[in-house]
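For reference, TrEMBL has these:
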- 1-18: signal peptide (SIGNAL)
- 46-167: domain 'DOMON' (DOMAIN)
- 175-384: domain 'Cytochrome b561' (DOMAIN)
- 214-236: transmembrane segment (TRANSMEM)
- 248-270: transmembrane segment (TRANSMEM)
- 290-311: transmembrane segment (TRANSMEM)
- 323-350: transmembrane segment (TRANSMEM)
- 362-385: transmembrane segment (TRANSMEM)
- 434-458: transmembrane segment (TRANSMEM)
Amino acid sequence: MSPFSLSLLFLLFGASFTQFNKKCPPESSESLLDRDDVLELTQNDCDYRVVMGSNDNDPDFLDIYLEGNRAGWVAVGFSLDRAMGHSDVMGCKQDESGNVGVIDSWNGVNPSLANKIDPNQEGMCNYSSSYADGKFSCYFSRYYGVINEGFDYDLHNRYYILLGCSTTKSDLDVNFPYHQPNFPAISDSMLHPFGNGTDTASGKPTFEKRMIRAHGVLMVIAYPVLLLTAVFFAAWMKPTMPKMWFQVHRALTLASLVVSLTAFAVVFIANKNNPTPGIINLHDCGTKTTHFAFGIIAVFLHVLNPLIAIIRCKPDNPNRWIFNLVHGAGIGLLTEIIGLINIGLGAAIFQTNCATVSSTNVMLWLYIAWIVIVLGTQSFLYIYFTYKALRGEVDNAPLLVKVLLTKIIIRSSYQSLNEDTKSDPEESKADNVIRYSVLCFQLATTLIIALIMIVFIIDLDFE
């Protein structure tokens, strides 16, 4: 990799570890209780009330007002699946000495266990918190974005709202004890914290959210559309397009590289305020950690393979087969496999944000169906042309090629590993028709699934 590429990667990687630097805004000039553009929920048990709306001095902060008549704590949670697990919870609490404070915490995989307090409380702004006359009255604000990866949700999304309270007191620097009685109450539908319950006009996508959407769209274009098609031309179209396959393969590969690098940079820009983007936090959301790690590997291999192609030996070099093996069946194939797997992980994150994958994740299941179609078409080509190849004379092929092709890799053309091989069976018109037909079918299905995924990413109601 060139020094420039390494410098760019280190710059982007380092930028993602910058500290949170947003300061708490002043208290809103107009009280939440007097505004109409807020979300308000109540619960009879414990005389619970929560009101939420944007801070009028800094719209990146969500103002929250809480009331409740239990002496231990009162809190509001945000969930993607009406369950306590994987929920962002914040509220106010009282210790045994009567001191009152606010904390931000996270419910992990097992909701029966105590939740985990954020490693730091950055982004939490306590304006006034008290417990008087048997009732909490708390007013605070929280930054909308993810500050502590694995402990925060982006509040510019829709969530089920959890309403909880408890009589159990505890120190202010520890998490919320288990709720009593058997709470929480849960909203009937997903609501937008920055909206008024039904109208999300105040919850427009933020710059970071637009960047994440752009990342998803660009990666869908880079790997399923451009790189997969480039691989197809290299693997199957040589006999049919002996003079054009390489030009098409090179153009599509370079285009996919540019698009994927742009998407790679965009997601770091989107996470510029997050201390860590996920790679070192082995938190409850393993999907995000895996997606980040696979993305790093895929982009690295994607950059590496064209660089290897630049220094390849000439076609008549007796060792040319080594380059073709490493470049094509090795790094090239591995890049595409990791890239396609990571697109699936990204689809799961977009629609569930690490909640349990279910039948409602339409985008992910459509993508899996498309993967099955691609595997089916590729398997058909491998089986058909391997059968054709094995009927030809292979004595002149190098031993490694014969073993690798006939026993392990099963390719359609020995020229993919050794361009001097003259023993390939002759192509028939029927074979050409098969190649072009499968190419057109794969292009059509790929463009359809890519378009559907892009529409989901752009229009998905996950503000």
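Yeah, the Cβs are placed from backbone N, Cα and C, and that goes for glycine too.
TrEMBL labels come from automatic prediction, so no person has curated them.
Helix, strand and coil residue tallies for the domain 'DOMON' (46-167), in that order: 2 helix, 66 strand, 54 coil [DSSP]. Listed as Cβ neighbours of the transmembrane segment (434-458) (distance under 8 Å, sequence separation of 6 or more from its ends, same chain) are residues 213, 216-217, 220-221, 224-225, 228-229, 232, 236-237, 239-240, 347, 350-351, 362-363, 366-367, 370, 373-374, 377, 380-381, 384.
Per-residue pLDDT, averaged along the domain 'DOMON' (46-167), amounts to 86 for this model.
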